[in-house]
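Undergrad: This is the feature table in TrEMBL:
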- 47-62: compositional bias 'Polar residues' (COMPBIAS)
- 47-67: region 'Disordered' (REGION)
- 163-197: repeat 'PPR' (REPEAT)
- 198-232: repeat 'PPR' (REPEAT)
- 303-337: repeat 'PPR' (REPEAT)
- 338-372: repeat 'PPR' (REPEAT)
- 373-407: repeat 'PPR' (REPEAT)
- 408-442: repeat 'PPR' (REPEAT)
- 443-477: repeat 'PPR' (REPEAT)
- 478-512: repeat 'PPR' (REPEAT)
- 548-582: repeat 'PPR' (REPEAT)
- 618-652: repeat 'PPR' (REPEAT)
- 720-754: repeat 'PPR' (REPEAT)
- 755-789: repeat 'PPR' (REPEAT)
Amino acid sequence: MVASGRFAVCQSELGISSSFCRGPPTAGLQTVSARPGKPWQAVRTKLTSRSSRNDHQASQGSGLDALLSLGPTPTEAEVSSALQADVGRWRRNPRLATAVLGGLARKRLPDVSIHVLTVMQANRVEVDVYHCNAAMSACEKGGQWQLALNLMSLMPEARVVSDKITYSVAISACEKGGKWQLALNLMSLMCEVRVVPDTITYNAAISACEKGSQWTLALNLLSLMPEVRLVPNEITYSATISACEKGGQWQQALNLLSLMPEVGLVPNQITYNAAISACSKGGQWQMALNLLNLIPEAKLVPDKITYNAAISACEKGSQWQIALNLLSLMPEVRLVPNKITYNAAMSACEKGGQWLQALNLLSLMPEARLVPDEISYSAAISACEKIGQWQLALNLLSLMPEARLVPDTITYSAAISACEKGGQWQLALNLLSLMPEVGVVSDRITYNAAISACEKGGQWQLALSLLSTMPLARVVPNQITYNAAISACEKGCQWQLAVQLLSLMPEAGVVPNQISFSAAISACSKGGEWQLALNLLSLMAEVGVVRNEITYNAAISACEKGGQWQLALSLLSQMPDAMVVPDKITYNAAISACEKGYKWKLALNLLSVMPQARVMPDEITYNAAMSACEKGGEWQLALHLMSLMPEARVVPDHITYSAAISACEKGQLALNLLSRMPEARLMPDKITYSAAISACEKGYEWELALNLLIRMPQARVVSDEINYSSTISACEKCGRWQLALNLLCLLPEARLVPNEIIYNAAISACEKVGEWQLAMNLLGLIHKVRLVPDEISYSAAISACEKGGQWQLALNLLCLMPEAKVVPSQITYNAAISACEKGGQWQMALNLISSMPEVRVVPNEITYNAAISACERATSGSWH
């Protein structure tokens, strides 16, 4: 027996009349056995069968029609009135009521069924297990699992014994209500009350497990059936396969499908549909299509569900062409695609980056008499999002209210992500702020998209602000959230914050991955913190995160930026041991490290081994190698590398030409390269002109340098301080001090402010011809324009005084340097000693040479020669 308190369902809340339990006023209900073979039951059936056959047909029709006319929720009084003419016949033959209750079950009218039972008891009609089962079936079919269980719990009070049908119906009701635990509880109760489950019972329990995604329990129930001498049927296998599908166990689903022929069962359409859906959920689109092809061979006809599952499998596998092909085939097999079909096909296009196809499908839906829903629009917006079509995404979002559709979290998240990919961080944040106003709750995906938008827009402060507001919105950040925030800090050169976020991840229960470490290492690289970058790389091994090429590349770049070429090459050599294959970025970073370390031979060696490592150099590789040659003074090698680029199918860019021009030691070579740029469809820019003027300066070709500077406006290239500085230096080297000063005077007209480098070049130009007064004036101007003279400024001015025979001024400037916090160099002392030598101040010269070790300046050959010359000017007695 089932105790009435076994299920926590309140009778009064469910609207079941208490009179159903009390029984008629003058007579109790007769207990009816559910088990066949009772003599009294057979006798009762014989006595009533002849006289009631006509009454049965008449009552079934008239009574059921009368009840159906009352609608789904009549009152008990209305039901009683409708059955007034039938209860007399029912008293004589209760089976007539069973037929009516069965009709109500088929029509899914649980409330009417309960009222019928109450009216039967009130009119002394014998209520048996068949009546209760039929009423429970109405509850089950109507999705009223609580009502079904409550009715079952009241049966003992009404002296009605539950049978296996009762339990099967109750379990099926739980299945429809998603209450798999209650379904299994009922199964266990059957053994206690000695009711033997049958195949139908097991099928209902397995279906309940399927609805609850309890695939393990479903398989357990299936395996128990042979032990209780029950043979599973097609329904059993279909339900179990469907349970595996919901649990993502596609292998188990296919295994069950393959077992069916072995146990003499033929898979049906439902079985195949469940198996195809399992493959779809498991991302096995090829297997799904194989099963679809097997259906005709099994003499079965695929239905709409079959095609929907197959298209969904293609969608998960990003097979948009096949998905569209399946959609086009449906009319040929007389199947009309529905909304689910179109949505799956649109999602397939979305995953395949086919935004035009997705929008086309959306536009075709009205022609197919289908109304797009939120899923349709979300799929279309996501398709636009994938390729950064943010305008179209926002347009679709704005159309939804016109179509009487309310955008949900998924829709907004997709639109924000579209803005993120399109670099529209302001619009992304605007959408995020609109969501609470329209009653849409932001989730983790929404925040992740918004933070990524801020990251791409260089808005690290806003990214961190969003991260901090997530707990207030009861949204827990995940790995993607932190990675986006760390990347935002990396782009904003905020290495301290990036490292801090990385350290906070374990505290927040989030495990850092390769992306987290790579972003943090890259942030350290940008901040010049190469030691910290290497510490993070070693930490990865300690916390069990596998290093990949991205993390190594970030660490090598950090060493490159920090001028640590040895460490960069050491990391490169470690990669094969760590089972990591260096890529183009790795080699480029390592070659750049060699370039910064003036190791041109190593740079060229790395370039030469790349083809052996099956890594093809690109323009960045060649540019870095050429720059290394340029720094090593190997201009012929730099130009040779440039000539090899077409053979390697690498197109030189602006940086290539700039590197080649910078390597040139003669202006004419630089000009030749500059003139070849238009042929390569490249227009010389500011950097290229700067490199060419510098080449002229190195080659003492002031006329060419000046000509290039004059040509720049004609080529629509705006000159800058670097161009003027190089040209003034070219004039300085050739003794054209007047031109140098003229160029200095022209800077305000070009809307340029002279810097220390330009003033130093002008002072050096004056120094070359002994124009010490002008040199001193220029040094004074540096202070007036709030610039800080450096060691070069003072050295050039002292050398100008030396050439002008102004030893006192030279020494005065040397004395002023400590006050200006400028450390004299070897060149400074040499100029000052030479000034003393020219002024016959041998003692001063010797004093200066003796003071050099105090300021950690080492005398060289020029120093000693100047000092010796000073002594030679003096008489022989001066040594005493």
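These residue numbers are counts, starting from 1, taken along the chain as shown.
Glycine is treated like the rest: Cβ placed from N, Cα and C.
No curator has checked TrEMBL annotations; they are predicted automatically.
Describe the structural context of these features.
TA: Per-residue confidence over the repeat 'PPR' (163-197) averages 92 (mean pLDDT, predicted model).
Long-range contacts of the repeat 'PPR' (198-232) within the same chain, counting only residues at least 6 positions beyond its ends with a Cβ under 8 Å from a Cβ of the stretch, are 164-165, 167-168, 171-172, 174-176, 178-181, 183-184, 186-187, 190, 239-240, 242-244, 246-247, 249, 252, 256, 263, 265.
Within the chain, the repeat 'PPR' (338-372) has long-range Cβ neighbours (under 8 A, six or more residues past its boundaries) at 304, 307-308, 311-312, 314-316, 318-321, 323-324, 326-327, 330, 379-380, 382-384, 386-387, 389, 392, 403, 405.
Within the chain, the repeat 'PPR' (373-407) has long-range Cβ neighbours (under 8 A, six or more residues past its boundaries) at 339, 342-343, 346-347, 349-351, 353-355, 357-359, 362, 365, 414-415, 417-419, 421-424, 427, 438, 440.
Listed as Cβ neighbours of the repeat 'PPR' (408-442) (distance under 8 Å, sequence separation of 6 or more from its ends, same chain) are residues 374, 377-378, 381-382, 384-391, 393-394, 396-397, 400, 449-450, 452-454, 456-457, 459, 462, 466, 473, 475.
Counting same-chain residues at least six beyond the ends of the repeat 'PPR' (443-477), those with a Cβ under 8 angstroms from any Cβ of the stretch are 409-410, 412-413, 416-417, 419-421, 423-426, 428-429, 432, 435, 484-485, 487-489, 491-492, 494, 497, 508, 510.
Residues 514-515, 517-518, 521-522, 524-526, 528-531, 533-534, 536-537, 540, 589-590, 592-594, 596-597, 599, 602, 613, 615 of the same chain sit 6 or more residues outside the repeat 'PPR' (548-582) yet have a Cβ under 8 Å from a Cβ within it.
DSSP labels the residues of the repeat 'PPR' (720-754) in these numbers: 23 helix, 0 strand, 12 coil.
Through the fold, the repeat 'PPR' (755-789) approaches residues 721, 724-725, 728-729, 731-733, 735-737, 740-741, 744, 747, 796-797, 799-801, 803-804, 806, 809, 813, 820, 822 of its own chain, all at least 6 residues removed from its boundaries and within a Cβ separation under 8 Å.
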Undergrad: What else in the chain is close to the repeat 'PPR' (303-337), if you only count residues 6 or more beyond its ends and a Cβ gap under 8 Å?
TA: 269, 272-273, 276-277, 279-281, 283-286, 288-289, 292, 295, 344-345, 347-349, 351-352, 354, 357, 368, 370
Undergrad: For the repeat 'PPR' (755-789), give the DSSP counts of helix residues, strand residues and coil residues.
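TA: Residue counts in helix, strand and coil order: 26 helix, 0 strand, 9 coil.
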Undergrad: Who are the long-range neighbours of the repeat 'PPR' (478-512) in its own chain, taking Cβ under 8 Å and residues 6 or more past its ends?
TA: 444, 447-448, 451-452, 454-456, 458-461, 463-464, 467, 470, 519-520, 522-524, 526-527, 529, 532, 536, 543, 545
Undergrad: How does the repeat 'PPR' (163-197) divide up by DSSP, counting helix, then strand, then coil residues?
TA: 26 helix, 0 strand, 9 coil
